[in-house]
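J.: Here you go, one structure.
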Amino acid sequence: MAIGDSNTYKSGTMADTPDNTIGHDRPRRPTSVSVPSVDEKSAGVRRVEAIAAVLTTWDRVAIFFGVFLVAFAYGLDGTVRYAYQPYATASFDNHSLLSTVNVLRSVIAAAVQPTAAKVADIFGRAELVALSVFFYVIGTIVETVSTNIETYAAGAIIYQIGYTMIMLLVEVIVADLTSTRARLIFSYIPAMPFLITTWVSGNVSQSVLSVTDWHWGIGMWCIIYPVCAMPLILSLALVGRRARKQGLMDKYTEDVKSKPWGAFLVDLFWRLDVIGIILMIAIFALILAPMTIAGGFEASWTAPQILGPLIVGICCIPAFVVWQLRAPHPLVPFYLVKDRAVWGALGIAMLLNWSWYMQGDYLFSVLQIAFDFDTMTATRVSSFYSFFSVVSGCILGLIVYKVRRLKVFIFAGTCLFMVAFGLLIRYRGDPDSASRAGVIGAQVVLGIAGGMFPYPAQASLQTILKHEHLAVMTGVYLATYNLGSAFGGAVSGAIWTQVLPVDLSERFAAFDNATLATWAYADPFAFSLQYPVGTPERQALIDSYKHAQRLLTITGICLCVPLIAFAAVLRNPKLNDQQTLAQDSPLGHAGVAEDGRAGEQKV
């Protein structure tokens, strides 16, 4: 349904008119996706369609304002928390475990995405927003009071659950209420706060660190975030109340109350695929996390605490595959993933974050140590990707609304992404003005490219799905996005912990001080205060950082090759003014838009 249309929600069906079946006079291949018959929609999908049926223009304004406000809160928090995280790990004398924390967060996020989507389809969107607030606040409290790396990591994981839920929900809500041609424009509403947070986040982080420490910088969001989430929860709840009064929620209420609690919980257990979630977390956490901690000054790949988790994680892979093929409600719906429009978009999501983390995982530390930026400037530069991706993405959204195509922009964006990595290989360290300008320019180009394909790839995926599958497949898309983060964090952490300690030992051997290399590795920020730019010790540290960053960025540019290939295989349907290009009726069993129904196809 197009924004501003107050007519009854059409459930994503396409009107049987020539305009909506462009190219209908030409023969089409049937879709390669075979999907089980789905006679009824889930309760949550029917509920959101009932809500959409009573929406007014002002309701939409209120909902999208609520989306913007909550996105502003978690966006600013995420940016400054990213800046505080190196200080937190360094305060525990474990700066090198930064990537380990990021890997654990990414693995949990990947498991939560499809699970949260299923919960949203069962219970509703507003309820999941409220649940996200609970996890967000609890995790933030645990991080704030942590006194060791283990407690901090536990808090980061709980916080990540809430953060992941709200990020999924705002994207699903936008997709619920927008047409295919307007989808890209409105998908950037949750990202628009980065236009502001990029410039204020540096001031916030530096101001907080100047009067207190990172504990309070994180802890203040226990109050700020719930307040900012209330408008979205209230706007969804009020519209739901109106739909209930009009009797549009009766079918949803019957579904929820039709089973006793015991049977309902058993059914929920299978629908959420709890076994699949456990196996998925085990695989990625047990394989990827050890990669980030096995290095250091004394490599320990054969140690039992490293080798054991790796073996168990690898053994879980066949168990996960077998279970997903036999599960009544699999975590990953393979029957939808068979189409190139789906697996192409998922490949983009995976490789985007995998390659980005090659340069971004330790970017803040590199900016401060190797380029000698202060905290405020380093925070801003590390946020340039988010800022410029939103700017270019919003402009692209207007263009796509007019031309009604996505693929050409996605392909061009992946190519430009590769160009940015070439610049990052060239400018990877040194505090001189040319190197500083180079890394800033590289982040700008990376951001412009980032606005041209991640959100468009997500929109491309959503437009060809039936409404019933929209939340789950958006969750799968974001899950692969987070798995890319996990792989990126694991590989960057492995390179960092394997390469940097050896290089530091070699360069600091000339200073005849056995503790210098260990100190520089464990807490580079304190080391840099003691040895400013111009001292031989600081130059040795800068050279080591440049060497490690060179290997990271070369790995990133190599990953851009398959990224471009995935962009090339996407379909290129013509977008329209409906909620989906797929038929959304009991007679249309295909999970994605058939070529004959999706509009004119151009490869």
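Using the three backbone atoms N, Cα and C, a Cβ is placed for every residue, glycine included.
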J.: Quick check on the annotations: TrEMBL lists transmembrane segment for one of 109-127, 128-146. Which range is it?
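T.: Comparing 109-127, 128-146 with TrEMBL, transmembrane segment matches 128-146.
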J.: Which residues, given as numbers and ranges, are at least 6 beyond the ends of the transmembrane segment (337-357) yet have a Cβ under 8 Å from it?
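T.: The answer is 31-34, 102, 385, 410, 414, 417, 421, 446, 450, 453-454, 457-458, 460-461, 464, 473, 476-478, 480-485, 487-489, 491-492, 556-557, 559-560, 562-563, 566-567, 569-571, 592.
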J.: Who are the long-range neighbours of the transmembrane segment (274-294) in its own chain, taking Cβ under 8 Å and residues 6 or more past its ends?
T.: 97, 99-100, 103-104, 107-108, 110-111, 115, 300-301, 303, 305-306, 309-310, 312-314, 316-317, 319-320, 323-324, 327, 330-332, 483, 486-487, 489-491, 493-494, 497
J.: With the transmembrane segment (185-202) as the reference, find which of 306-325, 383-401, 476-496 contributes the most Cβ pairs under 8 Å.
T.: 383-401
J.: Which residues of the same chain, at least 6 past either end of the transmembrane segment (152-173), have a Cβ under 8 Å from a Cβ in it?
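T.: Cβ under 8 Å, 6 or more out: 63, 67, 70-71, 74, 78, 88-89, 92, 100-101, 104-105, 108-109, 112-113, 116-117, 120, 125, 128-129, 131-144, 146, 187, 189-190, 229, 236, 458, 470-471, 474-475, 478, 482.
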J.: Who are the long-range neighbours of the transmembrane segment (306-325) in its own chain, taking Cβ under 8 Å and residues 6 or more past its ends?
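T.: That would be 275-276, 279-280, 282-287, 289-290, 293-294, 300, 331-332, 334.
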J.: Looking only at residues six or more beyond either end of the transmembrane segment (383-401), which have a C-beta under 8 A from one in the stretch?
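T.: Same-chain contacts beyond the flanks: 75, 79, 181-182, 184-188, 191-192, 194-195, 197-199, 201-202, 356, 360, 409, 440, 443-444, 446-452, 454-456, 575.
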